[in-house]
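Participant: Below is the structure I would like to discuss, written out as structure tokens.
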Amino acid sequence: MAQIIVPSNIFLTLIIVAAAVAGYVEAQSPSTSEVSVADIVTPEFFNGIIGQADASCAGKNFYSRATFLEALKSYDQFGKIGSIDDSKREIAAFFAHVTHETGHFCYIEEIDGPSKDYCDESNTQYPCKPNKGYYGRGPIQLSWNPNYGRAGESIGFDGLNSPETVANDPIISFKTALWYWMNSVRPVIGEGFGATIRAINGALECDGGNPATVQKRVKYFTEYCNQLGIAPGDNLTC
């Protein structure tokens, strides 16, 4: 069979064209490393949530977009996963849970929290301290002594001896929410919003435990997805 010889200048032209096409595709499909969470969590987006809280709410003078963005510097991979739509879905999911947990940023601490027992006495690595309560605090309502202990070690505060720090320092408060999210929720984000509900409060809400609260979380999530111009995806409940 005769061998077809292609002039070298044609090879060079093909290489240049291929490189140009690759560059065009890359330019048209930015990686999630280029996603700016601040551009997605705009003042309008954040204020649209906290603005629904009553003026008398303690959280109105505690939570802010500025403190969220400051805390985010320690968790710069948050909101950067998969495609840009995936990143927006993660942000929508986070704020959906925060909205539910805090009542649109109204509450800093769990209602009647001091009257509830969140001490896991079987956990000897992070033992409960006398007269300290490990009830829900912050945007994700961090609870239980092991979580306070681990979060404190990771973030840099004494979670066991001073759990109230989460209710007194807004940046640390947001950091605990992002810490919990990245360690316990992010790993299942690809399984759908329902999996994130299970990761946060599945024992009490999923499998028929409290379908009303599940639907509230889903409502907020779909609402925020709509605001960000994305589809919520499948597997919304648990």
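The first residue you see is number 1, and the count goes up from there.
Cβ coordinates are placed from backbone N, Cα and C, and glycine is handled just like the others.
Just so you know, TrEMBL annotations are computer predictions that nobody has curated.
Just so it is clear, the model here is predicted, and its values are computed rather than measured.
TrEMBL lists Glu101 with the feature active site, proton donor. What TrEMBL lists as disulfide bond is Cys57-Cys106, Cys119-Cys128, Cys206-Cys238. Residues or ranges marked as domain 'Glycoside hydrolase family 19 catalytic' in TrEMBL: 57-79, 172-182. TrEMBL lists 1-27 with the feature signal peptide.
Let's see these features in context: how buried, what's close, how far.
Facilitator: Take the CB of Glu101 (active site, proton donor) and look out to 10 A: across all protein chains shown you find 20 other CB atoms.
In sequence order, Ala53, Asp54, Cys57, Ala58, Gly59, Lys60 constitute the residues six or more apart from Cys106 (disulfide bond) in its chain with CB-CB distances below 8 Å.
Within 10 Å of the C-beta of Cys119 (disulfide bond) there are 16 other C-beta atoms, taking all protein chains into account.
Non-local contacts of Cys238 (disulfide bond) by the CB criterion (under 8 A, 6+ apart in sequence, same chain) comprise Gly194, Ala195, Ile197, Arg198, Gly202, Glu205, Cys206, Asp207, Val214.
DSSP places the residues of the domain 'Glycoside hydrolase family 19 catalytic' (57-79) in helix, strand and coil in these numbers: 12 helix, 0 strand, 11 coil.
The average pLDDT computed for the domain 'Glycoside hydrolase family 19 catalytic' (172-182) is 98.
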Participant: Can you work out which residues elsewhere in the same chain, 6+ from the ends of the domain 'Glycoside hydrolase family 19 catalytic' (172-182), have a Cβ less than 8 Å from its Cβ atoms?
Facilitator: 62-63, 67-68, 70-72, 74-75, 77-78, 94, 98, 108, 137-140, 142, 147, 151, 154-155, 157, 165-166
Participant: What is the three-state DSSP composition of the domain 'Glycoside hydrolase family 19 catalytic' (172-182), stated as helix, strand and coil residue counts?
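Facilitator: Final tally across the stretch: 11 helix, 0 strand, 0 coil.
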Participant: Hey, how far is Cys128 (disulfide bond) from Glu101 (active site, proton donor), Cα to Cα, in Å?
Facilitator: 24
